[in-house]
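*Asks:* Starting off with a structure, shown below.
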Amino acid sequence: MLGFLEARQAGLDDPGRLRRAEATRRVLKLELNKDRDVERIHGNGVNTLDIEPVERRYMLSGGSDGVIALYDLENFSRNVHYTCKAICSVGRNHPDVHKYSVETVQWYPHDTGMFTSSSFDKTLKIWDTNTLQPADVFHFEGTVYSHHMSPVATKHCLIAVGTKGPKVQLCDLKSGSCSHILQGHRQEILAVSWSPRYEYILATASADSKVKLWDIRRASGCLITLDQHNGEKSKASSEAANTAHNGRVNGLCFTRDGLHLLTTGTDDRMRLWNSSNGENTLVNYGKVCNESRKGLKFTISHGCSPEFVFVPYGSTIAVYTVYSGELITMLRGHYNTVDCCVFQPNFQELYSGSRDCNILAWVPALREPLPDEDDEVVSHSQKNPAFQDAWSSGDEEG
């Protein structure tokens, strides 16, 4: 640490290097925080979490019971042990509560006055945070698995929606209608994600084993269909051409710079793709257990070197390095299957939701405590003969 400070002070190092080094150290020391609880609101499993990108203080959760909760993660009590309280919720008694499981929640990317939710009740709802009333509701013909708003868009207000049908729907917040339909998949759309680099680039994942990248300005179909074999599939192989996985693809996540895309599938594999040309980078993460029949919400760190990916893995969360595939650790604490996790980059914290109805907080372990005065006295007494007990029994003297 002193070396980083001296190099920065002397102008030998990039000022961001110290920040990245400390962020990396903190992620490597993530552990279950026994002093911090998240108030239990959901009566069934927690399917989805999202932390707003403005202050990174408020967190949304959506559950299998149809309930949506909003938490304040700030500790105003200054006590070591505290509970993150739900400051409001759309509970079962709310007139506009979702009838069935909430699969995705997301904050409006530019302020905390609005958030969105989608559900198995075939609706996407736009909520006013202050009144907890829906400002708009989009209805679909099939179950809604996933939706996403672009974090960087300035020229459109489109929400990409994946449903039980094979068509990707684009809902326009300005007009209140579905403005586009993207056709190309053959089965249900389990995950959608906008690029954090280019506002018109969208990635979609389907149960047909395919992942497609789209430029929504083009009318001629998708840009790229990702191929796990990079076009070199052997003739003897029985696997279908242009498939990203050998099973349902149920997870998508761009790296923070948008240059790479991570996908997960029910073939127990995770793959890293170059998002500009669709090339499989062939990073080997080993077996990544994935039995989810719906969307899997995983997340990537921000501001670290190297970057890390946090993936639900049964009742644990596996932590890998993104670009080398090394398994760093397994975070254990839940009693049932983990379905979602979200990273808080300001303090390098992780929050996870599980079918055990709990949301757990994972925070960096504190540095090793300095020895207190009692320990110092003991150490001095061991070194200095003047502090040693010179008494001995007569038997020992004999």
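Here, residue 1 is simply the first one shown, and the rest follow in order.
From the backbone N, Cα and C atoms, a Cβ is placed for every residue, glycine too.
On a predicted model such as this, the values are computed, not experimentally measured, just so you know.
According to TrEMBL, the protein has these features:
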{"type": "REPEAT", "residues": "95-137", "note": "repeat 'WD'"}
{"type": "REPEAT", "residues": "182-217", "note": "repeat 'WD'"}
{"type": "REPEAT", "residues": "242-283", "note": "repeat 'WD'"}
{"type": "REPEAT", "residues": "331-362", "note": "repeat 'WD'"}
{"type": "REGION", "residues": "373-398", "note": "region 'Disordered'"}
*Asks:* Taking 95-137, 182-217, 331-362 as candidates, which has the most Cβ pairs under 8 Å with the repeat 'WD' (242-283)?
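*Replies:* Selected stretch: 182-217, with the most Cβ pairs under 8 Å.
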*Asks:* For the repeat 'WD' (95-137), what are the same-chain contacts with Cβ under 8 Å, counting residues 6+ beyond its ends?
*Replies:* 44, 47-55, 58, 60-68, 70, 88, 143-153, 159, 161, 163, 171, 173, 176, 294-295, 297
*Asks:* List, by number or range, the same-chain residues at least 6 past the repeat 'WD' (331-362) whose CB is under 8 A from its CB atoms?
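*Replies:* Distant Cβ neighbours of the repeat 'WD' (331-362) are 23, 26-27, 30-33, 36-38, 40, 42-51, 56, 59, 61, 63-64, 71, 73, 84, 291-292, 296-304, 310, 312-319.
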*Asks:* Give me the mean pLDDT over the repeat 'WD' (95-137), rounded to a whole number.
*Replies:* 95
*Asks:* Please count the residues of the repeat 'WD' (242-283) that DSSP assigns to helix (H, G, I), strand (E, B) and coil.
*Replies:* 0 helix, 19 strand, 23 coil
*Asks:* Tally the residues of the repeat 'WD' (331-362) by DSSP class, grouping H, G and I as helix, E and B as strand, and everything else as coil.
*Replies:* 0 helix, 19 strand, 13 coil
